[in-house]
Every structure is written in C-alpha cells, then in structure tokens.
Amino acid sequence: MSDNVPTIAAVATAPGRGGVGVIRISGKNLLPMAQALCGKTPKPRVATYADFTDADGQAIDSGLLLFFAAPASFTGEDVIELQGHGGPVVMDMLLNRCLELGARLAEPGEFTKRAFLNDKLDLAQAEGVADLIDASSRSAARLALRSLKGDFSRRIHGLVEDLITLRMLVEATLDFPEEDIDFLEAADARGKLDGLRRAVDDVLANAQQGAILREGLNVVLVGAPNVGKSSLLNALAGDEVAIVTDIAGTTRDAVRERILIDGVPVHIVDTAGLRETDDVVERIGIERSRKAVSEADVALVLVDPREGLNEKTRAILDALPSELKRIEIHSKSDLHAHAAGGFGTGAETVIALSAKTGDGLDALKRTLLREAGWQGEGEGLFLARTRHVNALKAAQEELSLAALCGNHQIELFAEHLRLAQVACGEITGEFTADDLLGVIFSRFCIGK
C-alpha cells in the first residue's frame, strides 16, 4: 500500500449494549495517538489497563489498551484496540475522540481490505472473514473457517503452480519451431494437462458444494389460489408466517421465509396467486411474485388432486420459465387419496403432502436437497461463492480448449493455459479488477 494511507477507526463490536465494546484503529505510527488517548505508551501485544480521556483530560471510560505493531497485526499496519464498556454512548464518545486525533471513520470492510492489500490475507481468505461472520448454520461456520485459514486458497495456489510449470514447459518449446516434432507429446504436455483438468474438476466440485451451503436454494410456491401454498410455507417454517384462510387471494404479497435443511439455507417465497386482478395492491404483490419466480431455482407446484390441472393452474404453469425445475405437490393428502402419477406439470418428482399432519414433509426436504445438488458435508469442503464457481468453470473451459489444440498449435495451447491461470488468480485476488474489490469489501460490516 502507499505510504500516504490515512488512519482509520471504527467500532468493531456489534451495535447495541453489551458488557464489552471495542474500538479498532489502524494506520501508521499510532503510538502518539495512544499517548494522547490514554497517557501511556503501550508495549506491543501486552494488555494495558488505562483511562481513555477526552481533549481536556477527562475520563470517557476505562478499560484495556492493546497495541499491535506493524507488520505483525491483522491489517499489517499499526493497530490499536480500545476495549471498554459496551454502551452505545460510550462507544460513540470514544470513536469521536479517535476522529479528533486524526483518524477517519473506516468504510465497511476497510480493515480486511487493508489486510488483503498488505498481503496478510488473499481475497478468498478475506471473503472467508465475512462468511464466518454471516454464517447461518454450524456447517457454514465450519467451512467458512476453513476458507479463512487458507484451505481453499491452498487448493487454488496448487492449481496455479501446476499451470505455471506447464506453461514454462510449453513456452520453452516455442524456441524450436521445427514442424516435424510434436513437442506437446514429447514433453508429455497433454498428460500433464489431463492431470490439471482432473484437479480443476475436483476443486470445482468442492466449490459448488460450498456455494450451495453459502448461497442456498431459492424456492417458489406456485399454484391456484387457496390450494394450500401458505399452509405449506408455515409447515416448512414451523411457524405461522403466512395467513391461512378459505378465502382465495388472502396472500396479496409475496411472503418470504428462510429455513435450514441439513444446514443448507432454503429461501422460500409464497407467491401471491399468479392471476389477473383489478385490485391495485394485489397486483403489486403479483408482480413481486413474478420477479421471485424469475430468480428461483425450484418451483413447488401445488395441485389439488380432486381438481387436477384446472384453468388457473395451467395459466400459472404457462408463466413459469421452461427451464425452471419443478416438484409437483399433491396438497391436502389428509383429506383425500393421493392420485397416481402426476398431472403433466413438467415435474420429474411428485409428492403427496399434508401440511396439517406433516406427512410428506421429510420427503419434500430430501428432494429439495437433491435438487440443490447437496451431497452432505465431507472432508475437503470449504465455503465458496458464485464468483469462485464461475472462475473455476472459466478455467475448466480454457483447459478443455487447450486439449482440443492440434499438435503444432503450441502458441494457442499456451494462451489457453495463461487464461486458465488468470481465471484461478481472480479467486485469490492475484488478477482482480479494483471495482470488484470495491463490491466485495463494501458488503462487510463496519469495523471488520
């Protein structure tokens, strides 16, 4: 980083009242600030009890002062932490005192961004920090910690090293352009490429599992009005999150709920019945439902077996994207016998279900996990993001194109290897545009 880097400060603990609150400060040459704040010059990595004072020397609070000298700190800069009492007024007064002494308020994720720019973390590890904080299940927390500790990064660095080795081998042959020699075969470049492709496939498979655990599955409930969508949402959520009546059109807006199935987040939207209406409020809800459908991974199509595919249900099915996965749900199975087979909804799976008794719920949950592609938490998994999966797919594609190169297309072969390396480097931040960094770190909380 540049030498002309401002000192930043922020409250590092969650908003609200608590037993302890922490102010984090990062910058260069922070000992004078510590002296002004506490009247003491702290020793590195030693907790010092002190009064935190204002400009007039009046005590604001008292607590622990910790100093981490550069480069042995989280950000790679001098870092001070003030651990005081966790009241919002006290934290605000302490933070304002830091700003008076020359710090500026940190932007979201700026501490972690500085750690990345100072080579304390790579980009995948930095994202692991945010994912650990945002983890919605124990499985997600465990896998995020693996990413933070560098498990994912080490896999990527291994791929990059193998790519560099193969590139050096192939590019060295460009100095010998004799047409009667197959350098790709002579150097076993194709054999090494096959090994690389298998390694990328393995990392990609793990990343896809990690992305499922982080991103989850988007599910919409669709069906004719009063077919039982809200009852099913309540049954899945284990709570009364949607109003249930016998009146068609009770759900006038899309109702959203998030549940966990085997640690995998499932985002469920109970759509307002997709139909034409003169009601202005209901029409807005229906438009929101259509948007939810366009973003869904799976549609649960509820059908009353006594009625089958009536005109309203057919109209709803016609409005669904043709590529959207569908699971056909025969609702209210406690009231009538399950119809054999499906009703031609385009679903590969048909489940008879009673939201009232719970029959069929476990089968539905298992089916949702299968549709998500979740294979269960195993060894070697790490939390990943969609951008990681896309980068690995790009690398996979470049290696596939390299495999198609003819025996004497060495320059093209080498170029595909280079592009595969660039794709892998985007994951760890070796090749990453500044605007992408801005997006990634802006989603962190302030103080991290």
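Each residue, glycine too, has its Cβ placed from N, Cα and C.
For R24, E81, K120, K448, the entry in Swiss-Prot reads (6S)-5-formyl-5,6,7,8-tetrahydrofolate binding site. The domain 'TrmE-type G' annotation in Swiss-Prot covers 216-373. The GTP binding site annotation in Swiss-Prot covers 226-231, 245-251, 270-273 and rests on sequence analysis. The K(+) binding site annotation in Swiss-Prot covers N226, T245, I247, T250. Sequence annotations record features per position, and here Swiss-Prot assigns Mg(2+) binding site to S230, T251.
The separation of S230 (Mg(2+) binding site) from E81 ((6S)-5-formyl-5,6,7,8-tetrahydrofolate binding site), Cα to Cα, is 49 Å.
Set side by side, the binding-site residues R24, K120, K229, K448 differ in how many other CB atoms lie within 10 angstroms of their CB, and the most is found at K229. Look at the Cβ of each of the binding-site residues N226, S230 and count the other Cβ atoms within 10 Å; the largest number goes with S230. Taken residue by residue with DSSP, E81 ((6S)-5-formyl-5,6,7,8-tetrahydrofolate binding site) is part of a strand. According to its DSSP assignment, K120 ((6S)-5-formyl-5,6,7,8-tetrahydrofolate binding site) is coil.
If you take the Cα of N226 (GTP binding site) and the Cα of K448 ((6S)-5-formyl-5,6,7,8-tetrahydrofolate binding site), they are about 47 angstrom apart, rounded to a whole number. In this structure, the CA atom of S230 (Mg(2+) binding site) is 39 Å away from the CA atom of K448 ((6S)-5-formyl-5,6,7,8-tetrahydrofolate binding site). Using a 10 Å radius centred on the Cβ of E81 ((6S)-5-formyl-5,6,7,8-tetrahydrofolate binding site) and all shown protein chains, the other Cβ atoms total 19. For the recorded site, K448 ((6S)-5-formyl-5,6,7,8-tetrahydrofolate binding site), the DSSP three-state label reads coil. As a whole-number mean, the pLDDT of the domain 'TrmE-type G' (216-373) in this prediction is 78.
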